[in-house]
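Asker: Sharing a structure below in structure tokens format, with a few things to ask.
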């Protein structure tokens, strides 16, 4: 289960449009040939939390703590987007995250505590933890357009051996999403990614390898429907 492209409504009002793809040893070289610029390399750990029954993931909520970046909760966003796309609101402010956790888990609001303080009371525990080595690239498709924002390409390798890339663009309005998708698909094609090719996220592959019961649980819930973090049946993800 992988998502070829997925608009995500950002907390600050921007819409992030992205597509995951399988990377190879030639990917960085191809980015250089296309005029891409290596922005930086970074290593970080992601830890995902849920209840033992996966009450968050099973209802399309995804709670993550990223090393040196804090907490993030990805929740279902706008409806009515056609095609193989999902839309999610990305919350990073802890009071907002806590409020949403109480709401989705049906718990009594105990106060505006930080996320770490409510993990225990809400029965949330670590379900995945892995380190990612990431190289971040920027590339402008049309050099004639001075106003065009660069596309970002993240090339990730997880510490359990899985490598995946992501092309993403940021836009301000929902009406700009189709054009962003067109640019992303164009760059993906230039990188040698097939039109229907997709890739499962690191989280889904982690669960598949190390927590197969949890992986099976998500497969039973979502079936062939596209979901965040790479959960569709397009390839070897949850399929």
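Cβ atoms here come from the backbone N, Cα and C positions, even for glycine.
Because TrEMBL annotations are produced automatically, they should be read as predictions rather than curated entries.
From TrEMBL, here are the annotated features:
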{"type": "BINDING", "residues": "16, 18, 154, 166, 168", "note": "Mg(2+) binding site"}
{"type": "BINDING", "residues": "20, 64, 66, 74, 134, 166, 202", "note": "substrate binding site"}
{"type": "DOMAIN", "residues": "14-210", "note": "domain 'CYTH'"}
Asker: Pairwise over 20, 64, 66, 74, 134, 166, 202, annotated as binding substrate, what's the top Cα to Cα distance to the nearest Å?
Answerer: 21
Asker: Averaged over the domain 'CYTH' (14-210), what pLDDT does the predicted model reach?
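Answerer: In the predicted model, the domain 'CYTH' (14-210) has a mean pLDDT of 87.
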Asker: Count the Cβ atoms, other than its own, that fall within 10 Å of the Cβ of residue 16 (Mg(2+) binding site), considering every protein chain shown.
Answerer: 17
Asker: Cβ neighbours within 10 Å, counted over all protein chains: which one of the binding-site residues 20, 64, 66, 134, 202 has the most?
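Answerer: When each Cβ's neighbours within 10 Å are tallied, 20 leads.
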Asker: C-alpha of residue 202 (substrate binding site) to C-alpha of residue 166 (Mg(2+) binding site): distance in Å?
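Answerer: Residue 202 (substrate binding site) to residue 166 (Mg(2+) binding site), Cα-Cα distance: 11 Å.
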Asker: Give the distance between the Cα atoms of residue 134 (substrate binding site) and residue 18 (Mg(2+) binding site), rounded to the nearest whole Å.
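Answerer: With distance taken Cα to Cα, residue 18 (Mg(2+) binding site) is 16 Å from residue 134 (substrate binding site).
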Asker: How many Å lie between the Cα of residue 166 (Mg(2+) binding site) and the Cα of residue 64 (substrate binding site)?
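Answerer: About 18 Å separate the Cα atoms of these two residues.
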Asker: Residue 18 (Mg(2+) binding site) to residue 74 (substrate binding site): how many Å between their Cα atoms?
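Answerer: The separation of the Cα atoms works out to 14 Å.
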Asker: Please tell me which one of the binding-site residues listed here (20, 64, 66, 74) sits closest to residue 154 (Mg(2+) binding site), measuring Cα to Cα?
Answerer: 20
Asker: About how far apart, in whole Å, are the alpha carbons (Cα) of residue 20 (substrate binding site) and residue 168 (Mg(2+) binding site)?
Answerer: 9
Asker: With a radius of 8 angstroms around the mean position of the C-beta atoms of 16, 18, 154, 166, 168, what other residues of the same chain does the Mg(2+) site pick up?
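Answerer: Output for this site, in sequence order: 17, 19, 20, 152, 167, 169.
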Asker: List the residues of the same chain that sit at least 6 positions away from residue 168 (Mg(2+) binding site) in sequence and have their Cβ under 8 Å from its Cβ, in sequence order, or write 'none'.
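Answerer: Within the chain, residue 168 (Mg(2+) binding site) has Cβ neighbours under 8 Å at 16, 17, 18, 19, 151, 152, 153, 154, 184.
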Asker: Residue 18 (Mg(2+) binding site) has how many other Cβ neighbours within 10 Å of its own Cβ?
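Answerer: Taking every protein chain into account, the count is 21.
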